[in-house]
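Taking it in order: structure first as structure tokens, then the write-up.
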Amino acid sequence: MKFENLLAEVNGFGRFQIRTILLLVIPRMTLPFHFLLNNFIAAIPSHHCDFSSLDDGDFFRNLSEQEKLVVSIPSQQDGSPDSCQMFAKPQYHLILNITNSSDPLRVPCKNGWWYDNTTFKSTLASQWDLVCDQKSMNRATATIFFMGVMFGAAIFGYLSDRIGRKRTLLVSYIATTLFGFASAFSYNFPMFVAMRFLTGLGISGISIVSIVLCVEWVDIKHRTYVGVLMSLDWSFSTVLLPALAYFVNDWRSLTATVTVPLLAAMMTWRWLPESARWLISTGKVDTAHFYLHQCATINHRKDFMTDLKPEVLSKVILVEDENRKYSYVDLVKTPRMRQLALLTGMVWFGVACTYYGISLNVTGFGVNIYLTQFIYGVTEVPAKAFIVFFLNKIGRRLTQVGTLVLTGLCICCNIFIPQDQVIARTSVGALGKMFAEAAFTTVFLYTTELYPTVMRQNGLGYSSFMARIGVSVSPLMMILEETWIHLPNTIFSVVAFVAGLSASFLPETRNVRLPETIEDVEQTRRRSIPTTEEKSAS
């Protein structure tokens with residue numbers, strides 16, 4: 001008896017599985033909230049020097065605010081006030097129509113800045129004056145957060161295969177909640193940066209463990225739907241975030257608000273099941289029997305589990321050594337695992353690099369930041385709709401290759417569209433973003449199906465680590481446009497094509513049983529496709 005046969009008997013997609021998915025939607029809402037949070041809390045509002053130090057008497061005080069601005073702040077070529085310089089002393093001739101042949105002395109801002117609070121009540125930039133010479137510090141907060149996500153992927157991937165999916169999720173919930181609220185109440189910028197790094201580290205566990213826990217409880221027939229359904233919470237939360245940010249426009253309040261769902265997640269954690277696959281593969285058959293019995297009861301299949309003894313489960317997944325502890329080293333110990341690690345690493349790097357490359361390079365829609373973010377979220381929903389059809393009809397491999405190649409083609413096409421054709425460039429860019437999102441949805445499901453149960457979280461953790469390297473490299477590639485304006489897009493296209501080529505060498509997993517051990521991947525045991533009878537039973 002295989003584990004899929006067990007799932008067929010207890011119902012591989014019933015009330016138990018639906019309850020598990022709904023319980024995991026709560027924490028997964030926080031993923032796009034925190035991943036995209038920097039778009040709002042790190043926004044730089046319009047600003048200019050605080051010119052109160054130029055007050056030299058009654059004449060200055062009697063001027064209107066606009067006149068004070070004219071005599072105190074130099075104008076840029078477009079007529080807007082300079083953001084980083086002020087006059088050394090008031091230039092009254094600018095409002096008195098008096099000619100002055102000398103060039104007024106300009107100095108850096110002396111007493112800080114004035115910020116326009118029309119769109120944002122406060123941001124990191126206005127809180128700690130992260131503008132002008134300190135502007136790079138503001139931009140670095142996103143990179144530091146994703147560095148935390150990168151290291152968290154490796155840590156939580158390892159933990160999940162050692163202590164289980166459920167306990168690892170609890171650690172991730174607690175860490176993200178603790179450091180998320182600590183970020184909101186940071187009293188200086190270094191503390192905020194440290195807390196955001198640790199928040200990224202913690203939230204990485206939610207990202208990679210939740211999808212695996214769901215897929216391991218679902219039968220073959222419904223794996224595609226569950227994989228795509230789990231990714232829809234990202235799109236809907238992306239649409240929700242700008243509305244949330246619009247009404248909560250203070251960075252501290254917004255950071256705390258997007259962390260609040262994790263409090264509910266911790267309260268509902270006890271109702272989550274542990275992965276029965278993982279429990280059996282590690283020899284914990286009594287606990288596996290408990291959760292399978294719970295699944296059968298909720299799905300109204302209790303009769304089957306009544307006669308099934310825990311000892312029988314030890315023969316469902318044949319493991320050479322139940323006490324063996326797996327680590328990332330096992331990814332490279334055997335030939336096929338080495339090949340799998342190399343190819344999935346390249347695919348994940350390419351998917352993440354091009355996704356964020358497009359996000360950084362898509363021309364704005366000419367509307368405010370809230371509506372722009374809303375449109376970005378909405379464009380991802382069609383990607384989820386068509387990806388279900390292709391995953392079931394042509395399989396994982398061709399879908400992964402196709403979405404990556406189409407992403408690369410969209411980026412490549414933008415190279416040849418003139419800069420002044422904003423609508424055309426934006427449309428092609430948004431189309432590329434849709435294909436990139438489809439590639440991301442596919443790669444999560446595909447990778448989960450490729451790695452064996454004993455190494456699934458290690459494999460996904462390593463793959464996510466490679467993806468975060470791609471995320472970190474994307475902004476650096478954008479700097480290359482100073483060398484040649486089309487160089488970043490050229491590189492992103494090549495990366496997408498290479499990732500697509502790498503995906504073409506991966507094995508197909510559609511309608512194939514999940515591998516349980518490294519031996520299954522090495523094909524010392526044959527990974528069989530279920531028979532028609534087994535499919536219909538599920």
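Keep in mind that glycine also has a Cβ here, set from the backbone N, Cα and C atoms.
Unlike curated entries, TrEMBL annotations are predicted automatically.
Here the domain 'Major facilitator superfamily (MFS) profile' (89-511) has a mean pLDDT of 86 out of 100. Positions annotated as domain 'Major facilitator superfamily (MFS) profile' by TrEMBL: 89-511.
The transmembrane segment annotation in TrEMBL covers 140-159 (among others).
Sequence annotations record features per position, and here TrEMBL assigns transmembrane segment to 171-189 (among others). Within the same chain, residues 27, 30, 34, 124, 128, 130, 137, 156, 159, 195-196, 198-199, 201-206, 209, 252-253, 255-256, 258-259, 262-263, 265-266, 269 sit at least 6 positions outside the transmembrane segment (171-189) and bring their C-beta atoms closer than 8 Å to a C-beta of that stretch.
The feature transmembrane segment is assigned by TrEMBL to 195-218 (among others).
Taken from TrEMBL, the feature transmembrane segment covers 225-248 (among others).
Summarising the annotation, TrEMBL assigns transmembrane segment to 254-272 (among others). Beyond its flanks by at least six residues, the transmembrane segment (254-272) meets 19-20, 23-24, 26-27, 29-30, 33-34, 37, 40-41, 166, 169-170, 173-174, 176-177, 180-181, 183-185, 213, 241, 244-245, 248 of its own chain at Cβ-Cβ distances under 8 Å.
For 340-358 (among others), the entry in TrEMBL reads transmembrane segment. Within its own chain, the transmembrane segment (340-358) is flanked in space by residues 331-332, 400, 404, 407-408, 410-411, 429, 432-433, 436-437, 439-440, 443, 447, 450-451, 459, 462-464, 466-471, 473-475, 477-478, 488, 492, 495-496, 498-500, 502-503, 505-506, 521, which lie at least six positions past its ends and keep a Cβ under 8 Å from the stretch.
Look at TrEMBL and you will find 370-391 (among others) tagged as transmembrane segment.
Taking Cβ pairs closer than 8 Å, the transmembrane segment (398-417) reaches residues 347, 350-351, 354-355, 357-358, 361, 387, 390-391, 424-425, 428-429, 431-432, 435-436, 438-439, 442-443, 446, 486, 489-490, 492-497, 499-501, 503-504, 506 in its own chain, all 6 or more past its ends. The transmembrane segment annotation in TrEMBL covers 398-417 (among others).
Cβ atoms under 8 Å from those of the transmembrane segment (423-447) belong to residues 211, 215, 223-224, 227-228, 230-231, 235, 344, 347-348, 351-352, 354-355, 358-359, 361-365, 375-376, 379-380, 382-384, 386-387, 391, 396-397, 399-400, 403-404, 406-407, 410-411, 413-414, 417, 459-460, 463, 506, 509 of the same chain, restricted to positions at least 6 beyond its ends. Per TrEMBL, the feature transmembrane segment maps to 423-447 (among others).
Annotated transmembrane segment per TrEMBL: 459-480 (among others), in sequence order.
If you look up TrEMBL, you'll see 486-506 (among others) marked as transmembrane segment.
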For the transmembrane segment (459-480), give me same-chain residues lying six or more residues beyond its boundaries with a C-beta closer than 8 angstroms to one of its C-beta atoms, as numbers and ranges. 139, 143, 146-147, 149-151, 153-158, 160, 204, 207-208, 211-212, 328, 331, 340-341, 344-353, 356-357, 360-361, 443, 447-448, 450-451, 487-488, 491-492, 495
